[in-house]
Structures are given as structure tokens and as C-alpha cells.
2 protein chains.
Amino acid sequence: MDLWLKESQIEDAVMTYRVKQTLIREKTEYQDLAIVDTYSFGRMLVLDGIVQTTVRDEYVYHEMITHIPLFTHPNPKKVLVVGGGDGGAVKEILKHPTVEKVVLCEIDGEVVKQCKKYLPEISFALEDPKCEIFIGDGIKYVHEHRNSFDVVIVDSTDPFGAAEGLFGGSFYKEIYECLTKDGIFVAQTETPFYLPEVVRDVYKDAKAVFPITKLFMAGIPTYPSGFWSFTLGSKRYDPQKVNLSSTADINTKYYTKELHIASFVLPKFIEDLIR
Amino acid sequence: MDLWLKESQIEDAVMTYRVKQTLIREKTEYQDLAIVDTYSFGRMLVLDGIVQTTVRDEYVYHEMITHIPLFTHPNPKKVLVVGGGDGGAVKEILKHPTVEKVVLCEIDGEVVKQCKKYLPEISFALEDPKCEIFIGDGIKYVHEHRNSFDVVIVDSTDPFGAAEGLFGGSFYKEIYECLTKDGIFVAQTETPFYLPEVVRDVYKDAKAVFPITKLFMAGIPTYPSGFWSFTLGSKRYDPQKVNLSSTADINTKYYTKELHIASFVLPKFIEDLIR
């Protein structure tokens, strides 16, 4: 049997992966969850037909969504991840020696359970004593925790269905309140090649809330177009002006201190998009 | 009829595009040539089943392979493009006011002919009086023109089949001789996600020939992984140290002077690959 996964995010430009085996497929309370083993990227988590993370390229996304805010903040102790049930962001966050506590707030407990079982090299840090897992609504959690986190990372699915409320000005205002007085927020914000209006609107919404708002980019082969944006909002520290010379040396495969700065330099069409 | 193009470069991770219409399909002396009209990227040139360029995203590749060397050189007058029969590189090169002559040396005359017919918004500059088209073997052309060009751009297909001889040390030595005393060479050199050994070998081969050899990256949605490398070899000018403050203002969609510098800052795994 020649089994292929056809990714369903972009209608007329469809990425397909040859599949060795489907390890789990189920309807959860929130979404269609699958973990499949592929020839090109190894095991991958697929939610509602869209690839979320793979064992081969997860490092790009998880390093960039975490190390940029955590090295921009001089002393991050408490970190909140909204979404991110695969545990990849937590794995990277716990490489920072200043971090005392990470809360993972994931709406779908099945994602955590199945990633622990089938993606241990991504999810292992979820067992760390510094990590607290809260299964529930991120919007509610953020609302109920004022002035509580140095960094908030929104590691969500795309802005349709379950994650829709995690994009937009009203949630960013709640995040602002959830952050400490010099806190930093980051979210994954799609690709400007296919969804320019999402990139533009998220940037505009974040900019209305945070005094410093910037976009940065990374090359992620299993996300549509391969060229992905992240939006960062900061109360005090500018991620491009931070002094990185004395930050901790951590083991990475994508992030470097030089790339930290360079990833904020945008192609002209993206600059124009968010002007 | 639901018509899809399945790209054949990467065996188990296959990009597919929904096709409106096949405009031309023929076996040339060198390859299988097609130009198809797609829903997501408009008209695209496909050689031996691999997408070469599309009307929607051609600007990334063509701007980055040309403006980086042409702005690194202080006064580029004569430029050679090896391959590049679609004319996209010539279009960008002719935006530089210093350029007096561009030679396009393309082995397959059918590529030039069909791109003129079906991709006029990419190929129009091939009609410019400053552009001379030579249909023939790039290796032979380079060998026969010593000390002749300020910039040589290798805009080839992948290093298999017709373009195999355009990758590797013996060709780079010929290019070195074909360049003027302060000349610059650039080639498209695949993606480090899927073909790390090509990226590594090309870099090593170029480094053995040129005193300054550097890799830069760009996000190209229709190339495998979306994250593409280019290798630059230079006799004298360092592309990262050049003063860009007084260069000509040209109209671009991807390239900026800031990105010129930033695109040489590599992710850790690519740094490691070419160390």
C-alpha cells in the first residue's frame, strides 16, 4: 500500500508526505488528531489535516519561538505556553538556566497524552518538575493570571477553528495584563506568502497593545511555503537591540545569537505589508 | 478534470500544484520542458518535472541571485548568466545602471523560446539591446572567455543531468579565470534541508578557488523546503562588509540593503555543515 498524507492547509498548492505507518488517529473533543510516521520527516503530529511538528524539523520552530523572547528578557523566571501540547517549546524553554517554572496551557489533553506516547524526543520535558501542565482554555487561563509571567508564548494551531480566539487584539490585551511589567509575548503568525492578511492583521493588533512590536522569520520545511513568521510584542526590551554577548550558551541546531538579530530583517514585501 | 502537477525532486515529500492548463509540453534536446498555468502560483516553467520559476514568486530567486553580487561589486559592467533561459536574472541585472552588457549562455534554446512566448513578464528583458543571448554550452563559453566578466551568475537546474557539470571545483576554476581581477561569482546551490551534501561540497569546492566564499539564504515557496541557499565566491569584495549606503535605488519586492547583509547570517546547522 502506497500511503500518502495530503496536507490540507493550502487548497491549490498541497504538500504530500509518503507515510510508513499511522500510529494513532482519533477524533478528540476539539480536533482530528493523528501521529504518522513518514519517510521524509519521521513521526509527525497532524491536527485537522495540518502538520504541526515533526521529529526531523521541530527544532527550527521550537528554538525560534522560545530563544528569541527568552534571550531578549534579561531574567525570565516564569514562562507560559498557550497551546504547544507537543512539549517542544517547553523543551527549549527549560534550556534557560534562569527559568524556574513553565506552565503549559493546552486545551486538548489528548495532544499531550499522544505526544508523550509517540513523540518522546519532542515531549520529554513535559515530565520535568519545573513544568506544570494545565489542560484548559488558554483565553480563560490568561485572563485569570494577571502580572504573572515574564514571557508568554502562543504556540497555537492556525487561526481557524479551535485557535481562532488566540489571534487578535482582545487576546493580546489579556496577554499584556498577564505579563509582568517588563514581559514579552511571542506568537506563531503564519506565512506572508500564503496568508499575508493574517500576518498584517496580527502585527497591527499586537502593535496597538505593545510599545515594541516586531516580526521575525524562520525557514521551516514542513510549514506551507517553508518561510514562517513570528510576531513579538514587548513592554520594554527591544529584541534587536538586546546585548547577547553574556547570555547563557545553550545547545541549538538553528538559533544563534547572530541569527537572533538577523531574523528580524524582513524582505521588502513583508516590510511593506506591515507598514 | 482535476489536473495536478506532482513535483519530482524529493521522493517522499512531494509538492503538488493544481493546474488550470498545460500551455506547452515538449521533449527538447536536453530535457522535458513544460509551462503550466497553476491556481496558486500562476504560470510556471517545469523542467524534467521540477519547478524552475513561477510568475508569482520568481522575484525572490531572481533578485537574490543578482542584486547581492551586483551591489557587492562597486562597478559591474559586464555580466554573464550561465543557464537562466527564463530571463528573470537578466531582468534584475538590467536594473543596475552600471551594467553595459549581459550575456545569457543557455544550453537549451527551447527554454528561451517558450519563456519568451509564455512567461513574458519574466523574460521581457531578453529583448533588451544590452542583452546578448548565446545558445550553447556554458562550460565551453566560460572556458573561451578569459578575464571577461565582472559578475558570473550560474542560474542552473539541479546538479543532476544537463547541469551536473555546472557544479564542482573544475568549473569554479574556469569561472575564476573568466572573471575580471575583482570579479564575483554566484550560484544557486540547493537546500540544506534536503541536500546538505550538495551545499557542503559546493561550498568546499568554491572555497578552494575563491579567497572570499560565503553562503546566503532566501525563502522561496516553490523550491523544496522553501529555504534555499546560494554560494558566492569573490576575488576581492566581501559581500557582508560592502558599503551599501550609496548604491543605486532599484525597485525590488524581496531584496533590501539590510537583507543583503542579514541573508548571510546562517542557522547553526548550516554553519556546522560548511565548517
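Start at 1 and count along the chain as shown; that gives each residue its number.
Backbone N, Cα and C atoms are what each Cβ position is placed from, and that goes for glycine too.
TrEMBL does not curate its annotations; it predicts them automatically.
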| Candidate sharing the spermidine site with A:His62, A:Asp155, A:Ser156, A:Thr157, A:Asp158 (per TrEMBL), from A:Asp86, A:Asp182 | A:Asp86
| task | Give the sequence-ordered list of residues that share a chain with A:Gly138 (S-methyl-5'-thioadenosine binding site), lie 6 or more positions from it, and have CB atoms under 8 Å from its CB. | result | A:Val82, A:Gly83, A:Cys105, A:Glu106, A:Ile107, A:Val154, A:Ser156, A:Leu166
| query | For the domain 'PABS' (A:2-235), what's the model's average pLDDT? | reply | 96
| note | In this structure, the one of the binding-site residues A:His62, A:Ser156 whose CB has the fewest other CB atoms within 10 Å is A:Ser156
| task | Tell me, if you would, which residue among A:Asp86, A:Asp155, A:Asp158 (recorded positions) has the fewest other CB atoms within 10 Å in the structure shown? | result | A:Asp158
| message | Whole-number answer please: how many Å between the C-alpha atoms of A:Asp86 (spermidine binding site) and A:Asp155 (active site, proton acceptor)? | response | 10
| task | Report, as a single number, how many Cβ atoms besides its own are within 10 Å of the Cβ of A:Gln31 (S-methyl-5'-thioadenosine binding site). | result | 21
| When you measure from the Cβ of A:Asp137 (S-methyl-5'-thioadenosine binding site), which residues in the chain that are at least 6 apart have a Cβ under 8 Å away? | A:Cys105, A:Ile107
